[in-house]
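Per TrEMBL, these features apply:
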| type | residues | note |
| --- | --- | --- |
| DOMAIN | 35-249 | domain 'G-protein coupled receptors family 1 profile' |
| TRANSMEM | 20-43 | transmembrane segment |
| TRANSMEM | 55-82 | transmembrane segment |
| TRANSMEM | 94-115 | transmembrane segment |
| TRANSMEM | 135-158 | transmembrane segment |
| TRANSMEM | 178-201 | transmembrane segment |
């Protein structure tokens with residue numbers, strides 16, 4: 001009796017998981033893919049291609065678009081028909097590679113974009129020189145090459161067993177994949193974004209203070225100029241009075 005209950009419970013959980021993945025996939029298609037596509041159209045315009053930060057956003061949107069298409073569309077197909085990842089090892093390996101490597105690209109592109117804005121907001125002229133489109137292109141080439149090269153291990157360790165595409169009987173690969181996903185794909189880029197966001201806020205605050213000081217200095221100069229003009233006017237009036245008195249004696 002207990003085994004029957006466990007079997008029914010596991011079947012129920014699998015059904016819930018299957019339906020949840022289906023709903024999430026349609027959510028990605030409806031909002032995620034459409035949003036990425038609109039971002040690509042927006043940041044591809046000429047006026048935005050001349051802004052270094054938008055170059056990072058463009059590459060990040062393309063990478064996210066690829067990942068969402070590779071993840072969500074096959075999941076929807078598997079709901080209505082069958083899951084290719086359960087039958088075709090090559091598809092299993094390629095899909096996992098195309099899911100993991102773009103995520104590295106767009107996370108590090110967003111992290112690089114925050115450094116770009118920090119450099120642009122800096123008072124250091126040399127640092128501001130880094131916030132250029134040609135520098136952004138070079139950084140993005142490095143990010144893409146490193147991400148695609150780093151993820152080469154994925155097709156090697158993933159395989160199909162019991163109609164499941166995953167890592168089997170390889171604890172080292174499982175640990176490495178877990179740690180790299182947590183650290184390189186989530187924690188480190190997020191920390192970079194947080195740190196440089198705070199530094200941008202600090203730079204903008206210092207800029208406001210310098211502008212306020214300059215404004216106060218200009219006000220003080222204008223007040224002093226008014227005082228000097230008033231003093232000259234009074235001196236001229238006194239000179240006129242003295243001249244008038246001397247000539248009428």
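Yeah, the Cβs are placed from backbone N, Cα and C, and that goes for glycine too.
Outside the transmembrane segment (20-43), and at least 6 residues removed from its termini, the chain residues within Cβ reach (under 8 Å) are 49, 54-55, 57-58, 61-62, 64-65, 68-69, 71-73, 75-76, 79. 94-115 is the stretch from 55-82, 94-115, 178-201 with the greatest number of Cβ pairs below 8 Å to the transmembrane segment (135-158).
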